[in-house]
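Enquirer: Feature table excerpt (TrEMBL):
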- 12-33: transmembrane segment (TRANSMEM)
- 53-72: transmembrane segment (TRANSMEM)
- 84-117: transmembrane segment (TRANSMEM)
- 137-158: transmembrane segment (TRANSMEM)
- 170-191: transmembrane segment (TRANSMEM)
- 219-240: transmembrane segment (TRANSMEM)
- 252-271: transmembrane segment (TRANSMEM)
- 277-294: transmembrane segment (TRANSMEM)
- 301-321: transmembrane segment (TRANSMEM)
Amino acid sequence: MGISLKNYLRPSVTNIVVTIGIAIVLWLKELLIPTLPHVLNQTAIGELSDATSIWLSLFATLATGYLLFLLTEKFNFIQNRTYLPFFLYVIFSSTLPGFWIFSNGKIGFLLLLLSIWEILSTYHKTDPTKLVFNASMLLSLSILIVPEYIILVLFLFISVFTINTLSSRIVHAIILGLATPVILLGGIYYATGSLQENTMQFVQGLTFRLPAWGNDNVYIIYHIVLFLLSLLAIRGCLMNRYQSNISERKNIHVMIWLFAFLSIIITLRMGQSSETSAAFTGIIAFLFAIFFSSNTSSKNTIFYFVLVMIFIIYNIIMSYGRIG
């Protein structure tokens, strides 16, 4: 008798508690036996000690994973209910070196997910102006925190057009939403005399470069493997797009656009910045959740458990390698 994923994918208190338990164990391990040197790190909310940073990182990871789960529930990305986005995000996150440290990337990705929530909420709305403004403002805030996200402005226009419409009024709402946080923050910096300093810091965050083999080998191999595996997940999404209703097809369309742009960002920033790691991991978890929930055969069940075990073993090997 074949093993089916269906009995293990449904959201339940047990599944959520087990996932939280795994996350706590991983973060406790990092706190007690660090794989990377713990130093004070500067974030958008101030300078944090190692312990504070680790616990905030744990909270942000759980919050992000749960928000991914809520997105699947609210907007019907997956026909069958599943907690996989939450579980996979926590597991995949534990494989990234330095992911236990709280960073601007975690804040920026949470804001980005909230922006996506507002975009998807415009579906079937006769007047989505307010939602589009909110989405644009949230995206603008995430860009101010993670400058690499500036490329997602194009994603915003494409997504709004795909989900609803792109009239002149909507375009004005997007521009106003993007400009509002910039104007307010710029005014504060100007009043405090730090406008030039913060502007230069933001511009420096936009410096892109191609990865160099020999310096970024681990990151290159890691992201190549994830990218190839993700192509399999995208293929599964596209194969099922005509079996879903129109809203689900548009949702998948949006997520694929987002994944493509984030892949470009990761490639250009590889080995130089880890601020986009949270977003990249989130999209990977989302796509795999869609794929595994739509394909629950015995073969895919085995592949699913093997994949999860590979990530856990990889985490252990990397930890001991860095400790030694």
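From the backbone N, Cα and C atoms, a Cβ is placed for every residue, glycine too.
For each feature listed, report its degree of burial, its nearest neighbours and the pertinent distances within the displayed model.
Expert: Here the transmembrane segment (53-72) has Cβ contacts under 8 Å with residues 11, 19-20, 23-24, 27, 30-31, 38, 41, 43, 78, 82-83, 85-87, 89-90, 93, 99-103, 106-107, 109-110, 113-114, 116-117, 120, 278, 282, 285-286, 289 of the same chain, all six or more residues outside its ends.
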Enquirer: Count, for each of 12-33, 84-117, 170-191, the Cβ pairs lying under 8 Å from the transmembrane segment (277-294), and report the range with the highest count.
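Expert: Stretch with the highest Cβ contact count: 84-117.
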Enquirer: Please report, as numbers and ranges, the same-chain residues at least 6 past the borders of the transmembrane segment (170-191) whose CB is under 8 Å from any CB of it.
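Expert: Residues 128-130, 132-137, 139-141, 144, 153, 156-157, 160, 164, 198-199 contact the transmembrane segment (170-191) from elsewhere in the chain.
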